[in-house]
Amino acid sequence: MAADKPAPVRVLYCGVCGLPAEYCEFGPDFERCKPWLRANAPGVYPDELLASSSSAAADVDKVGERLQGVGISAADGSTSAGDASASKQEEVKRLPGGKVKKKDKQEVVIEKIVRNKRKCVTVVKGLELFGVKLSDASKKLGKKFATGASVVKGPTEKEQIDVQGDISYDIVEFITDTWPDVPESAIFFIEDGRKVPAA
């Protein structure tokens, strides 16, 4: 005997946002969905949730106006302080979850990594922050030191230049001569896990 097949479930989709009705509150604009839900899906949400929130919106606007008068930023990020705060907001980048992305320091970090006891690789990080094209820089480093050099992604997913061999003795002078935009004070070596200025 064949088992009875269950009937397919009928899903009611919102006419405003296109999500299933029970997911509208998580959609892009729940306020616009409320009238449609009241008319077409009255049993999905409690009446208190679907009640008009115009009084709550008015209260938020009043608080925002009071904050404007005091000079504290409102929820939308506008302030009465003016352009200074606007330029500061442009500098700060927000990541998902509200985390703030810090701006990278303009510095070149040179690290010597020893592998297989005798072989070593010199890693150059941070040249791109000074406007240096990494592919051109790796070619110049390879020609100058007569060795292999390549652009690779490092452990932090940022691109860096790997140069075969220990070239740390002459690399600072080469970088400052080849790219005058890179000051010697911005070049650092990593020795024994510590960052040491090259100058």
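Note that Cβ sites are derived from N, Cα and C of the backbone, with glycine treated the same way.
Note that TrEMBL annotation is computational and uncurated.
Worth saying up front: this structure is predicted, and the values here are computed from it rather than measured.
Now, the feature entries from TrEMBL:
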type	residues	note
COMPBIAS	74-87	compositional bias 'Low complexity'
REGION	74-93	region 'Disordered'
DOMAIN	108-179	domain 'SUI1'
> Per DSSP, what is the residue count of the domain 'SUI1' (108-179) in each of helix, strand and coil?
Replying inline: 24 helix, 26 strand, 22 coil
> Any idea what the model's mean pLDDT is for the domain 'SUI1' (108-179)?
Replying inline: 87
